[in-house]
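Participant: Below you will find the structure I want to go over with you.
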Amino acid sequence: MILTRCLPLIWLSLLTVCAAGRTLHPLPVKGPKTVKLQLQTSRPYNIAHRGSNGEIPEETTAAYLKAIEEGTDFIETDILSSKDGVLICFHDCILDETTNVASHKEFADRKRTYDVQGFNITGFFTFDFTLKELKQLRIKQRYAFRDQQYNGMYPIITFEEFLTIARDAPRVVGIYPEIKNPVLMNQHVKWPGGKKFEDKVVETLKKYGYGGSYLSKKWLKKPLFIQSFAPTSLVYISNLTDSPKVLLIDDVTMPTQDTNQTYAEITSDAYFEYIKQYVVGIGPWKDTIVPVNNNYVLAPTDLVKRAHAHNLQVHPYTYRNEHEFLHYNFSQDPYKEYDYWINEIGVDGLFTDFTGSLHNFQEWTSPLPDTSKSPRQLLSQIASLVLPYAKA
């Protein structure tokens, strides 16, 4: 009996000795290919606004990888173009705010002034630089009160590089690209064959296998929403792809960049009835849903209710953890803000700079059903939740 009990320890000792003398390789295992964990569709979407840019400079590979690690459903990006027609991931049409372009003396003569949506904007515009030149620049954090240690570490990435990040993720991660400033891009960048900026965006998506109507089998394999503040661009690409589209909504007093209408006009019931032929949802600025006065949120408008009545999803922007952005009603607590918008306002997705906090809130308040088929999968899910804290 004693010898029997000791046998496992003896075998363990032998294995340890053997392992010290040579490299052990796992035996080959035959089995099906790994199936990625699918996108959840049972609770509001966690949309990583420019990646996890509350922690790492926006629109960088590191920011997107961090967002995936923290549990995002979608990684969001803004699409602009270089001078030579390469699609890049960058938010502003000028490079000044979030790159070190000013320190590159060789580019000092590139500063220009252009009309951008009725405003004269001066700076270093993306479309005045080739991709090779843009790759020499490095990204920096937009806000001074955020972590500055990553400034100067990461380059601008192309749209195709962004798509490979989603493709190579360990689970199904959706993408949420914005067709940014299409009027401006089409004015200053010319593509062969008379193609438009919008054509290039859709062509690139198709090249990487994106397509399919919302919640179709094809869509669920590679989830995608295409967003834009320009309604005519969304109508135009409806002839090119059946992928779901989202109309972004700015301050209601602002005019759209491609029509003579204000955003107040395009949030009317009559306009919703028209645009729902082309889009599956709207992406409003938060203050168009819930007005703010002296940093207090007021009574909500009926925008969400009316959008839902027209079978349109609502994905507001942008949710941020810092006190500079949190309204007093929420006592500097981002979880209170998430609770308000999800459970009282009833939104269908949230653009957030802090993917981790939104993911934690949803896991605590509306955990997904356990679809694990093995203890290994369950341990992997637990590890993904614990990892951010282990690194802290």
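A Cβ is built for glycine as well, from the same backbone N, Cα and C atoms used for every other residue.
According to Swiss-Prot, the feature domain 'GP-PDE' maps to 44-362, an assignment based on sequence analysis. What Swiss-Prot records for Asn120, Asn239, Asn260, Asn329 is N-linked glycosylation site. If you look up Swiss-Prot, you'll see 1-21 marked as signal peptide.
Show me how these features fit into the shown structure, please.
Facilitator: The secondary structure of Asn120 (N-linked glycosylation site), as reduced to three states from DSSP, is extended strand. Asn120 (N-linked glycosylation site) counts 8 other C-beta atoms within 10 Å of its own C-beta, drawing on all protein chains shown.
Following the DSSP three-state reduction, the secondary structure of Asn239 (N-linked glycosylation site) is coil. Sequence-distant neighbours of Asn239 (N-linked glycosylation site) (same chain, 6+ apart, CB under 8 A from its CB) do not exist here.
Under DSSP, Asn260 (N-linked glycosylation site) is assigned to coil, being neither helix nor strand in the three-state scheme. Around Asn260 (N-linked glycosylation site), a 10 Å sphere centred on its CB holds 7 further CB atoms from the protein chains shown.
In three-state terms derived from DSSP, Asn329 (N-linked glycosylation site) belongs to a helical segment.
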Participant: What Cα-Cα separation, expressed in whole Å, is found between Asn260 (N-linked glycosylation site) and Asn120 (N-linked glycosylation site)?
Facilitator: 18
Participant: So if I measure Cβ to Cβ from Asn329 (N-linked glycosylation site) and keep only same-chain residues at least 6 apart in sequence, which ones fall under 8 Å?
Facilitator: Tyr296, Val297, Lys336, Tyr340
